[in-house]
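The structure appears below as structure tokens.
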């Protein structure tokens with residue numbers, strides 16, 4: 001299992017708990033500063049099956065893997081309650097830049113999956129461009145990518161139509177969490193299967 005953008009480690013520790021410290025969990029992050037909190041959290045939770053790496057996710061390669069979590073770097077528009085400056089500090093160009101990074105990351109992560117493997121793509125953004133737009137891009141570039149049901153009831157369905165854009169119909173299986181509706185941070189998540 002790979003947690004591609006892992007720091008500070010909350011999701012990695014949860015994955016390790018689900019794995020019951022079996023198998024191998026690669027917890028990677030590009031930020032040297034954030035790696036220390038990742039190490040600390042994995043140690044505090046007595047995780048023994050994690051290999052911590054500190055490389056650019058686009059250069060990360062351990063061969064084909066079964067599962068990947070890509071909690072992609074994003075604009076953070078879902079966590080405005082924690083940092084109100086996000087509302088005014090992000091320009092259209094900032095969003096376009098982060099979307100380009102997300103597109104590269106999702107293709108790279110998907111290409112690391114073995115056939116029959118699954119990936120979860122998530123962001124703490126509520127912007128369609130960073131979520132459905134990025135996953136729709138993957139679906140257009142990789143025909144073996146299939147959005148599958150998450151089997152969870154939390155959140156609203158993903159968009160398949162937004163403004164003048166139409167997205168792959170399977171994106172309604174994605175889930176959107178809205179702060180004003182669900183009383184938690186804004187979030188997007190989707191499960192993607194790699195067909196044979």
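From the backbone N, Cα and C atoms, a Cβ is placed for every residue, glycine too.
In TrEMBL, annotation is done automatically, which means it is predicted and not curated.
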Starting from the S-adenosyl-L-methionine binding annotation in TrEMBL that includes 5, 6, 7, 8, 9, 10, 11, 29, 71, which of 56, 94 is the extra site residue?
56
Can you give the mean pLDDT for the domain 'SAM-dependent MTase RsmB/NOP-type' (1-195), rounded to a whole number?
94
Using all protein chains shown, find which of the recorded positions 5, 7, 124 scores highest when you count other CB atoms within 10 A of its CB.
7
Which same-chain residues, if any, lie at least 6 apart from residue 9 (S-adenosyl-L-methionine binding site) yet have Cβ under 8 Å of it:
27, 37, 38, 39, 40, 41, 42
